[in-house]
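So the structure is just underneath, and the comments pick up after that.
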Amino acid sequence: MTEEEKKRRPLVHHIRKQSASKSELPASQRRHAAGLSSRAQRERHGEKTPTNNQDSRQRRRVSFDSNTGRPAPKDHKPIHAGSASAPAGSSLNQPRKTTSQRQRTNSRTSKTTVEPLRRAHPHNPLPNQHPVTNQRNNRRNNNRTAGGQSSNNRNNNNHKTNASQNGTGRFGGALASGNNSARNNTRRRNQTTTAPGTHFVSGPARGIRRKSEPKGSKKAQRIAAAAVSKNRQNERKEQPLPKVLEYRLGMNVQDIAKIIHRDVTEILKKLFLLGVVVNQNQSLDADTIELLAADYNIEAKQKEEVDVSDIDRFFDKTDNDIDQSKLVSRAPIVTIMGHVDHGKTTLLDYLRHTHVTEGEAGGITQHIGAYQARLHDRLITFLDTPGHEAFTEMRARGANVTDITILVVAADDGIMPQTIEAIHHAQAAKTPIIVAINKIDIPGVDPNNVINELMKYDLVPEEYGGSTIEVPISAKTGQNVDKLLEMILLQADMMDLKSDPTAKSRGSVIEARLDKGRGAVATLLIQQGTLKTGDPIVVGNTFGRVRTMNDASHKKLDSALPATPVEITGLNEVPQAGDHFVVMDSEKDAREAGESRAKKAMEEERNNGAVVTLDTLFSTMAKQDMKTVSLIVKADVQGSVEALSASLKKIKVEGVRVDILHAAVGAINESDINLAEASGAIIIGFNVRPVGQAKTDAEQKHVDVRLYNVIYDAINEVEAAMKGQLEPVYKEKTLGTVSVRELFHFSKIGTIAGGLVTDGIITSDSKVRLVRDGVVVYDGQLGSLKHGKDDVKEVKKGFELGLTIANYNDEKVGDVIEAYTMEEVKANA
């Protein structure tokens, strides 16, 4: 025994003497009191150390003295008061102490031993300060005051009854139900299930905070998170104030707070101190905003209000805002003009190696086409404008977007009225003119005659000291066409044509139409910037987002550079040919601009119609005695609608005037029939047909529907009817219709369309018209008619047939073929 242990021995003996037995205190308290903190010290005093296989956290069965309430030795048996085994002078024969008396005794005992232990072991906790020991003592005292024997028996019964519900029965608690299971498990953990005088002593139960977990840790975490958030807000508030507060009328406190990086409550407080009481959503006037800015010692500047609907001003402003360092060369935009049948479209056919003329009714170009040709790895964009008078407005639009004008003049015809008009348009647009004297392959023609005539209109050739380039060509044979292209590129190099591909895209509408499957379709010519799929766009009074974009060869594009003609979809309505388009910052701005422009246009139209002046008063009164021819105009494209309407209005017949009630793009529908019936109007259809119930309604309501595919025929017939000089003409008589259901392709014969006769009768000598989605695709002669394998002369309604169309092999399933014949009718019939 060491000297240190000898010194400690009287102290240990004193502690043991004060106790009723060796095991009055738990083992942990005995070790702390005796100073046996290490494993070696405990083994020297004969105390066994638990092995590694023993789990110290398992519940340990400990017996307690019934009278003293303290742990008894391992071999101790419970001794009850008054029993024979109780010693004569034992404390068991004395009156049992109450809980408070025992606590006071324990307290006095602890006070006797505290000071020496604190001095001997300053690093070990005192017995009544040890957290685990205090927890066990509290649980033991609660069990003693819970009702003794009766409480234990009741707990045993509850344990047996709820065994399966608590997860200890046969089914492992599978029969337990929600709240009952949780309640029984909690009760079982808090109650004892042993015999009297025996208790379970265990570690912390479930839900009890562990020693390593600080008290109130979750609350502390919430407080810390709130502090971090507050610090971040303070960091945001600490951002520097802007030097200038740029505001616009109608801004509220929230808008100002975002600009100056301050909290809304701070701004409201400042305004309140300044004598302005507002809420965060209330609009502020200019004086209030400037007063607030002065309080923050910053300058206030009002933003210039820009009308987003005024895209024309934005269109013009873009030219002045172009960054010269970003300009790159672009392809020239060339417009081909001239009189009808002078060879404009034939020239384009040769350049593109296609045959557009054959697809045009009567060989006349009906609406603008935009194409691109390549020469020496350089692109040239061509615009083909119709040459006759009906398309004056379309030709003017083409001249406004062009860089160079090609004036095609036939060597055999010379200068014609439309040629003079084309010269005036080109000169008004201030574009250089290159004269292509066509048809030099015709024998006996003299190009010098054309040159002499052009000099009357200030078109002096270079050989005579002028600046006009003249090239004799033959569009039919291709003679000197390459030389013409070289002159175009030379002129473009002299003009130094450039554009900024990074700027906001803008340009003009070349053509627009309504497609049944795709909606509004517009042909655009990009004049600045790069147009991309998905761009929000304003086109005239319409708006939308570029959904699809195709080039002249119907190839899909994701983006298009300046001087490129493209066909787009995605607009809410069909725009007007010649309208400007501008790409906006967002779809919201595009919608706002488009709706605003449409509203303004409607108001202007209403006001113009309602204004009566002295100049119009007498003409209006005079019209009361005039006869009126009411017309409804429907066409396949917007340019044709406008051209046909303008031509019909120009017809001048004494005592008769033309009134266009409605003009729109698309097939003739039931609404058109109803409007014509109510107003007594005649429907003029150009390259369109009645769809759905419209044809039947027109027959039942006796509405006159006139269909044309050449604009001259419509103009001449209406004019003749107005003059009352309508001579006998051939009128169309519909024989029957065929619905195409299957196609058969043969190398020698071509395409045979198999279908069913849905109405009338089809004869082998009838003319046929191919209609697709209400639009006439082809008009020609029936080639052959078969029923089964036999050639027949006619097929009636309800029978199947096979037919071919002369010089046409592009039928599709779902097409409608109308058979008709021309009958001679008398005048006024």
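Using the three backbone atoms N, Cα and C, a Cβ is placed for every residue, glycine included.
Feature list (source: TrEMBL):
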type	residues	note
COMPBIAS	8-19	compositional bias 'Basic residues'
COMPBIAS	81-113	compositional bias 'Low complexity'
COMPBIAS	159-168	compositional bias 'Polar residues'
DOMAIN	329-498	domain 'Tr-type G'
REGION	332-480	region 'G-domain'
BINDING	338-345, 384-388, 438-441	GTP binding site
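Structure coloured by features recorded in TrEMBL.
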| residue | record | DSSP (3 states) |
| --- | --- | --- |
| Gly338 | GTP binding site | strand |
| Lys344 | GTP binding site | helix |
| Ile440 | GTP binding site | coil |
Residue among binding-site residues Gly338, Asp341, Lys344, Ile440 with least C-beta crowding, 10 angstrom cut-off: Asp341
Rounded mean pLDDT for the residues that make up the region 'G-domain' (332-480): 77
